[in-house]
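Asks: These came from TrEMBL, pasted as-is:
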type	residues	note
DOMAIN	1-89	domain 'FAD-binding FR-type'
BINDING	Cys211, Cys216, Cys219, Cys229	[2Fe-2S] cluster binding site
Amino acid sequence: MRPINSKITQIVEETPSIRTFRFDTSLDDAQPGQFVMVWVRGVDEVPMGCSFKNGITVQKVGDATSRLFEMKEGDSVGLRGPFGKGFTLPAKDENILIIAGGVGVAPLGPLADEAASVGAKVTTILGARTESELVFEQRFSEAGDVHVTTDDGSAGTCGFVTTVLAEMDVSEYDRICVCGPEIMMFNVLKMLEEKGAHDRAEFSLHRYFKCAIGVCGACCMDHEGLRVCKDGPVLNGSLLLDSEFGNYKRSSSSQRVKV
């Protein structure tokens, strides 16, 4: 699949380090949790989770995202996708717990929208380092109850998403959907294992993707050889317990490095 030239139609500064970019290219086929490959010309092509049907929400962390942050409305990038396996689509009357940390809100925003639209019950634990880094709080509030946590206590509960999760009875939830920094997700997975709910949890992973279609093997995970771009990026918690998740990942050159 060749990249489609896509013009930036709107840029929203969500936080000092996170922005949403909307395009004139529609991603109507994208399911919550799927991703697109974003070609920043002259720099790199990188995977980004779809946060809207025509947009992505990005944190400034490397060369490609730094260049993207220099762009203005009217500039263009190349988009190809959507790719991968997303979250299980919610059904009416399902009870869903969403756990989002930092820019991990990106693939979970569409899931909350979809769940609310079909009549599912949604509860969100929304975490950030500080109040100014909270993203999509209003969006999640429109879908259901929201529990905010910040590392410094500037908003909501002082602590991490696991601080709130530890006090919750998760037996009432049909499904638990998680995205955020890997160390956060790993801690959530271990807590859900203790609560006997890891097999009802879905985690959206971030890895270096090159081909995005499961051919090159750059994103494979030990021990099952799961191709995160093809078999994921959303994977069930029971699969992750016996994998390298939370301990190792692949660098841009496919070397195995510690998380």
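A Cβ is built for glycine as well, from the same backbone N, Cα and C atoms used for every other residue.
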Asks: Which are the residues of the chain, Cys211, Cys216, Cys219, Cys229 excluded, whose CB is within 8 A of where the CB atoms of the [2Fe-2S] cluster site average out, their centroid?
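Replies: The answer, listed by sequence position, is Phe209, Lys210, Ala212, Ile213, Gly214, Val215, Gly217, Ala218, Arg227, Val228, Lys230.
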Asks: Please name the residue among the binding-site residues Cys211, Cys216, Cys219 whose C-beta has the most neighbouring C-beta atoms within 10 angstroms.
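Replies: The largest 10 Å Cβ neighbour count belongs to Cys219.
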Asks: Would you count the other CB atoms within 10 A of the CB of Cys229 ([2Fe-2S] cluster binding site), including those on all shown protein chains?
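Replies: Taking all protein chains shown, Cys229 ([2Fe-2S] cluster binding site) has 28 Cβ neighbours within 10 Å.
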Asks: Averaged over the domain 'FAD-binding FR-type' (1-89), what pLDDT does the predicted model reach?
Replies: 95
Asks: Look up Cys229 ([2Fe-2S] cluster binding site) in the DSSP assignment and report helix, strand or coil.
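Replies: Looking at the DSSP assignment, Cys229 ([2Fe-2S] cluster binding site) belongs to a helix.
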Asks: Report the DSSP secondary-structure composition of the domain 'FAD-binding FR-type' (1-89) as helix, strand and coil residue counts.
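Replies: So the counts come to 8 helix, 49 strand, 32 coil.
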